[in-house]
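Visitor: Mind having a look at this structure? Questions to follow.
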Amino acid sequence: MSLVGTDFKLSNGNTIPAIGYGVGTKWFKFGRDEVDTNVINALETAIKLGFAHIDGAEIYNTNEEIGAALVNSGVKRENIFITDKYFAGDASFSNRSPHSNPYEALKADLKQLKLDYVDLYLLHSSYIKKETHGFSLTEAWGYLEKLKDEGLAKNIGVSNFTVEDLKTVLDSKPKYKPEVNQIEFSAYLQDQTPGIVQYSQENGILVEAYGPLGPITKGQGGPLDPVLAKLSKKYGKTEGQILLRWVIQKGVLPLTTSSKEDRIKSFVDIFSFELTPEEVDEITTVGKQKTVRQFAKEFSKYD
Ligand SMILES: NC(=O)C1=CN([C@@H]2O[C@H](COP(=O)(O)OP(=O)(O)OC[C@H]3O[C@@H](n4cnc5c(N)ncnc54)[C@H](OP(=O)(O)O)[C@@H]3O)[C@@H](O)[C@H]2O)C=CC1
Ligand SMILES: O=C1Nc2ccccc2C1=O
């Protein structure tokens, strides 16, 4: 889980590029089946400018765009890290992947991606039960283990899992532990659910942050504004770069995105400077004075 150069090392010894470019949220095209050239162009730009890690998901419906961007950019398969996620559904248990289980879902996604394997496959959420899905959460994990055994997913993990959810998987004595827990994480939301960052990290599970720019995209006018302005001036970096750097120095892998070339360029340039431990602590302490939760609103009860 340590940062080595521009990679994080996972508990199983594999590496993962320490910043990822997401094709969710603003690129999300669920229910629209035509190929979106804007997504392909954005991905090609991101790859050209240095992103080596793409965060996708079944629900984003952007797998064909990822596949096309990989072909167009000419990047070698082994030089790019691709994440996909099984659409388990939301807290209402009313909507989920049309495929019979995560094993079948990834096989279908690989066809769209035109790839033989993904580097990381996640359960997008923990809202899985036998009555609705036909398999339990631990059985869902078993499908991911099978995908790893067959080489269709090099690494496996989870997303939006609480401590209780992780315990359910870990207590089932799995063959493989989750390598990653992808959650909302920013200076204004330092624990998506109680104790989740510490518990994940103590168990060798790399935390990935979605929504890492929350303090400047949704939280402006808050107590971090002067701190970010000060550090931005000191290092000659944008406030976005300061926030992403803070995420990395918390031992967390940021997932971000942009349609703007100058921002994309700036995101891959966060390895050229380092915040002091005091500055990391200052962002942590001041950030705790405000909460901005953008996703998974069912967890708002913890705010
Ligand atoms: N597992 C899960 O449940 C979830 C996973 N994700 C993943 O995480 C990825 C990233 O999530 P996201 O929340 O978008 O990440 P960020 O917090 O990094 O936000 C990125 C957005 O911020 C905008 N932005 C960047 N810089 C600035 C700025 N200085 N001022 C104002 N706006 C700015 C970008 O738009 P612009 O084009 O204008 O630069 C972009 O829309 C997703 O694409 C997805 O892959 C996201 C949500 C849930
Ligand atoms: O990228 C994403 N945007 C979202 C919005 C709501 C729920 C999940 C997600 C994603 O995974």
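Glycine is no exception: its Cβ is also placed from the backbone N, Cα and C atoms.
These numbers come from a predicted model, not from an experiment.
Here TrEMBL flags 33-286 as domain 'NADP-dependent oxidoreductase'. The annotation active site, proton donor is assigned in TrEMBL to Tyr60. According to TrEMBL, the site 'Lowers pKa of active site Tyr' annotation covers Lys85. Per TrEMBL, the feature substrate binding site maps to His124.
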Visitor: For Lys85 (site 'Lowers pKa of active site Tyr'), which residues of its chain lie six or more apart in sequence with Cβ-Cβ distance below 8 Å?
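Guide: For Lys85 (site 'Lowers pKa of active site Tyr'), the qualifying residues are Gly56, Ala57, Glu58, Ile59, Tyr121, Leu122, Leu123, His124, Ser159, Gln182.
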Visitor: Using DSSP, would you call Lys85 (site 'Lowers pKa of active site Tyr') helix, strand or coil?
Guide: strand
Visitor: Indicate whether His124 (substrate binding site) is helix, strand or coil by DSSP.
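Guide: SS state of His124 (substrate binding site) = coil.
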Visitor: Suppose we draw a 10 Å sphere around the Cβ of the residue listed as 'substrate binding site'. How many other Cβ atoms does it contain, all chains included?
Guide: 24
Visitor: Taking the Cβ of the residue listed as 'active site, proton donor' as centre, how many other Cβ atoms lie within 10 Å?
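Guide: The answer is 23 other Cβ atoms.
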Visitor: On the 0 to 100 scale, where does the mean pLDDT of the domain 'NADP-dependent oxidoreductase' (33-286) fall?
Guide: 97
